[in-house]
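> The compositional bias 'Polar residues' feature in TrEMBL is assigned to 368-383. The region 'Disordered' annotation in TrEMBL covers 361-383. Among the features that TrEMBL reports, transmembrane segment is placed at 12-36, 48-68, 80-98, 104-128, 140-159, 179-199, 211-230, 236-255, 267-291, 311-329.
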Amino acid sequence: MPRLLAPSQAWLFGRGVDLAVFAGSALVSVGLVLAAPALGAVGETPPWAWVLLVVGVDVAHVWSTLLRTYADGEELRRRPALYTAAPLAAYLLGVFAWSQSPGLFWRLFAYTALFHFIRQQYGWVALYGRKARASSTERALDAAAIYAATLGPVVWWHAHLPRAFWWFVEEDFIAGLPAWVGTAALVVQGGVLATWAGFQGARALRGEGLQVGKVLLVLATAVTWFGGIVLARDDFSFTVMNVLLHGVPYFALLLRYARGRLAEGGYGVLAPVVRAGAPAVLGVLVVLALGEEGLWDWLVWHERPRLFGEAGLLLPADVLALVVPLLALPQATHYLLDAFIWKPGREPALLVRLGWAPRGAAAEGSKAGTSRDSPVTHARPSS
């Protein structure tokens, strides 16, 4: 007998949170873009939206990685080599790239960020598949759908450069793809998503029903990436569609982790901030993000005197080669560490802290070894 919804739903954070951070983020993005004329946000991203979206979500979510890493003394003592080598390697690579040319630095940074954004969406859908114990066929289709939903618009973008927006700075992506390649990419995207939708429909007809969270995640990804790249005509639309679905779910992940780590007695002198809940934690992250953006403006951009004042410095080129990679270090370190910090194979307690395994499972996992089928082992949601 056909059934629309699966009798047992797999949620990552709970029904309400999942719907809010995935479907809700996409709906808010679409709503803001549609309301852009009324908000005075057509064209360049206005200051209020820049503070709310770029600082409050995009930059702040990068700083939230501290909750998993440098804000936890025990974690630092557990893996000192990783937490020393990651920023050092990122900085040295950045200085080398900038010394070759600023364009090379921004291009390398942009493609690293792009890879990071795409892998995060794959990570979420893989987590849903693992929690729902989906078949290998369904997991493969889910992965194909996510990669099609993200890479299709990206390839199209490369075939239609320049656009009214860039990832970081002008000409950070490589232009020159023929227009037909972009069209072909969208055709392939449509075919893959249609196949995925057909499989979901077949599930419903067989009486297995749909996993709502996963389906909405794939749809949200398809809408925001297509809308934010192919349909977008200005920087505001790109920023809105690009930022919310990436940053908001990551906040949910880090806040869930922090709550679990706090229950173990973690964070030391910072525990009161975490204990105060999401408003306090997010407030601290926004302050850090504002501080970072203030330094960028004072030392490099000199674009927002109304926010950060006009007391900036005009640095010579050789000094910029050292300063710009340093300012980019929080983001670059975030990209590197996310490839390591969500693997429970070496840290079974990770699943417990995230609420995906019962208390006591960490001790058992440390004795028996974490299964390679662990959801976080195969899916590292990152920012």
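Yeah, the Cβs are placed from backbone N, Cα and C, and that goes for glycine too.
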> So what's near the transmembrane segment (179-199) in sequence-distant terms, Cβ-Cβ under 8 Å and 6+ beyond its ends?
138, 141-142, 144-145, 148-149, 151-153, 155-160, 218, 222, 230
> Given the cut-off of 8 Å on Cβ pairs that are 6 or more apart in sequence, determine whether the transmembrane segment (236-255) and the transmembrane segment (104-128) share at least 3 such pairs.
yes
> So which residues does the transmembrane segment (311-329) touch in its own chain, when a touch means Cβ under 8 Å and the partner is 6 or more beyond its ends?
87, 90-91, 93-95, 97-99, 102, 105, 109, 292, 295-300, 302
> Which listed range (80-98, 104-128, 211-230, 267-291) shows the maximal number of Cβ pairs under 8 Å with respect to the transmembrane segment (140-159)?
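Most Cβ pairs under 8 Å with the transmembrane segment (140-159) come from 211-230.
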> Taking 3+ C-beta pairs under 8 angstroms (sequence gap of 6 or more) as contact, is the transmembrane segment (211-230) in contact with the transmembrane segment (80-98)?
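These two stretches do not touch.
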> So which of 12-36, 48-68, 80-98, 104-128 is most in touch with the transmembrane segment (267-291), counting Cβ pairs under 8 Å?
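Per the Cβ under 8 Å count, 48-68.
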> What residues in the same chain, six or more past the boundaries of the transmembrane segment (48-68), come closer than 8 Å to it by Cβ-Cβ distance?
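Same-chain contacts beyond the ends: 32, 39, 41, 75, 236, 239-240, 243-244, 246-248, 250-251, 254-255, 257-258, 261, 274, 281-282, 285-286, 288-290, 292-293, 304, 307, 330-331, 333-334, 337-338, 341, 383.
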> Using a Cβ-Cβ cut-off of under 8 Å, list the residues of the same chain that are 6+ residues beyond the ends of the transmembrane segment (12-36) and lie near it.
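For the transmembrane segment (12-36), the sequence-distant neighbours (Cβ-Cβ under 8 Å, at least 6 residues beyond its ends) are 42, 49, 124, 127-128, 131, 212-213, 216-217, 219-220, 223-224, 227-228, 232, 236-237, 240-241, 244-245, 248-249, 251-253, 256, 355.
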